[in-house]
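Features as listed in Swiss-Prot:
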{"type": "COMPBIAS", "residues": "71-80", "note": "compositional bias 'Basic and acidic residues'"}
{"type": "CARBOHYD", "residues": "ASN20", "note": "N-linked glycosylation site"}
{"type": "MOD_RES", "residues": "SER64", "note": "phosphoserine"}
{"type": "MOD_RES", "residues": "SER82", "note": "phosphoserine"}
{"type": "REGION", "residues": "60-85", "note": "region 'Disordered'"}
{"type": "SITE", "residues": "TRP41", "note": "site 'Seems to be involved in pH gating'"}
{"type": "TOPO_DOM", "residues": "1-22", "note": "topological domain 'Virion surface'"}
{"type": "TOPO_DOM", "residues": "44-97", "note": "topological domain 'Intravirion'"}
{"type": "TRANSMEM", "residues": "23-43", "note": "transmembrane segment"}
Amino acid sequence: MSLLTEVETPIRNEWECRCNDSSDPLVVAASIIGILHLILWILDRLFFKCIYRLFKHGLKRGPSTEGVPKSMREEYRKEQQSAVDADDSHFVNIELE
């Protein structure tokens with residue numbers, strides 16, 4: 001007698017959902033939380049570069065440009081942009097003295 005005949009194979013009825021009371025508030029809440037988590041995870045993976053660049057560079061104000069000549073401001077902006085674009089997987093921030 002082979003082992004395959006000894007193993008219990010589930011029938012199709014056992015694979016179907018047994019939760020007839022799906023209107024339970026806990027089940028509904030868990031489903032909503034699970035769906036929201038999945039959506040947020042997908043958005044995070046799709047837009048993580050934009051999101052983290054915004055948090056790292058957009059929310060933090062740089063040094064004041066008041067009284068600085070326009071040419072120096074443009075040079076600083078180009079250096080900051082090239083530092084961010086230097087490595088696609090890691091952000092680099094150069095502090096100018």
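Cβ atoms here come from the backbone N, Cα and C positions, even for glycine.
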State the residues, same chain only, that lie 6 or more residues beyond the ends of the transmembrane segment (23-43) and have a CB under 8 A from a CB inside it; answer 'none' if no residue qualifies. none
Round to the nearest Å and give the CA-to-CA distance linking SER82 (phosphoserine) with TRP41 (site 'Seems to be involved in pH gating'). 29
Is it possible to get the count of other C-beta atoms within 10 angstroms of the C-beta of TRP41 (site 'Seems to be involved in pH gating')? 10
Taken over the topological domain 'Virion surface' (1-22), the predicted model's pLDDT averages 56
